[in-house]
Amino acid sequence: MLWAGRMRLRTFRILVMLVHASAACEFGPFPYSVTGIVCRMTKPAALLLNQETARLIQAAFRNAKFPNITGERSMRLLGKVAYGLTNIQVNGLSIEQSEVELKENDAIHIAIKNVTAFFKGTLTYGYAGAWFLQLFHSVDFEIESSIDLEINIKLMCQKDQVAADASDCYLAFHKLTLHLQGDKDPGWLKQLFTDFISFTLKLVLKSEVCNEINFLAQVMANFVHDLAANFVQDEDIRLDISLASVPLIKANYLESHHKGLVLYKNYSDVFSDSVFSPSLLTESRMLYFWLSEHILNSLASAAFLDKRLGLTIGGEKLQALFEMEDTEAQRKAVQMIFQGTSYNDSVAKVWSLAHPQISVQPEGTVVKSLVGAEISIFPPGEEPLMVLYMEKEITVTIQAAYAEKKLILHPVDSRTEFKVFKCTADPSGNDPSVRNFLQTMISVVGIPEVISRIEPALTSLMNSKGLHLFEIRNPEIITRKGYVIVQLDFSFPNHLLLDFLEKRL
């Protein structure tokens, strides 16, 4: 039986090694060149998440499927004594202390001290005496144990995503005491079976608990990947977050590098000129995300192809745009454009005519786009009439922030250049009053209005992915030439892990 237990443990480890080996990822000689997204988690974040380790360990003990333990032994005068422990399950568990350490280029080392666990089940035994005397009996038992647990979790690439291997797992027993029928006092039966089964029981507990921990580690890695993949997807637009290189473990942080290619229907995204270097990120905050300028450009292209870059304005919103100031020049321009038609009988449409071009600079994110706009009026009893059409190239620099669980976009500079201008009230285009008025309106009111529509839409999208569940502290969105860095501290929502365990186990 002991040999069989060792064989099962050895077989499991061999299978894990074969699975990882067969699914190993291959990277080119310059993996950073295809890196579009980087996630760095520093040691303070790892320490925070380690506080939740107790939940995983409790789940590992609770969900471990302990096999029946059987055996026999020859005893002087008693003949052969056979025994079986069945229905083994955890009856109680407490954890005193958990520590985490990042081992450079090796593993995440988790040391869990003084795990007090109580197991219960049924002990069935029988023996044949020297004079053909046979006795069989069953008693309930409880096992009281005190255990130290050490786990080395290795991060690797499996099927192009981060995988966790926690098969390097050790249980050290400080105490393993067998109680029969609730009797805490020593007795010959307790002593007999303690001597028989304690060593085998330790092996079984170690094997099953460690197997379950390894399984949970892999499930958690898949959960985090699925969570991230869902976060960067909206309908048909999504990001390829497959790994661009093997995950790194340093003394003060964990880091993973992802391709970040945009996937949208037949749209083909190619990227091989990343400027990422580990030196671009520091270790002072808990969590960092590095995003390439290429990702923002590709997302804008996909949004354009998906016909998302359009806006319709009417009624009070349209009135607010065109009555930004009460001057004679403004009233004259509005009268010429709308020809006396009510705002409620008018509509303005704005849309992108081509793929927006995005570049990231120290002063902010620069968006350059060729935009079309038209205004149509619907006079009562008459056919609709387009009274204004224009094409303009708009360049706007935007600074982004995140506060009170809302995305804030602030335009700091904008330029507008008319490419096409047609107005029914000024067919020749010689009257500069309308064009000058529209130039001012676009810069002062129009661009902020469009951005004010984008802010809640993006905030709502991020919250639909669960961002609002986290307590994010002091987030910073930093732009540099060619890339964006998002850095923050956070508090882990306890119920998130609890909900995950309840759904997956």
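Placement of Cβ uses the backbone N, Cα and C atoms for every residue, glycine included.
Copied over from TrEMBL:
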| type | residues | note |
| --- | --- | --- |
| DISULFID | C169-C210 | disulfide bond |
| DOMAIN | 40-267 | domain 'Lipid-binding serum glycoprotein N-terminal' |
| DOMAIN | 281-488 | domain 'Lipid-binding serum glycoprotein C-terminal' |
| SIGNAL | 1-24 | signal peptide |
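Same-chain residues at least 6 positions away in sequence with a Cβ under 8 Å from that of C210 (disulfide bond) are, in sequence order, A166, S167, C169, Y170, L171. Per-residue confidence over the domain 'Lipid-binding serum glycoprotein C-terminal' (281-488) averages 89 (mean pLDDT, predicted model). If you draw a 10 Å sphere around the CB of C169 (disulfide bond), it holds 21 other CB atoms from the protein chains shown.
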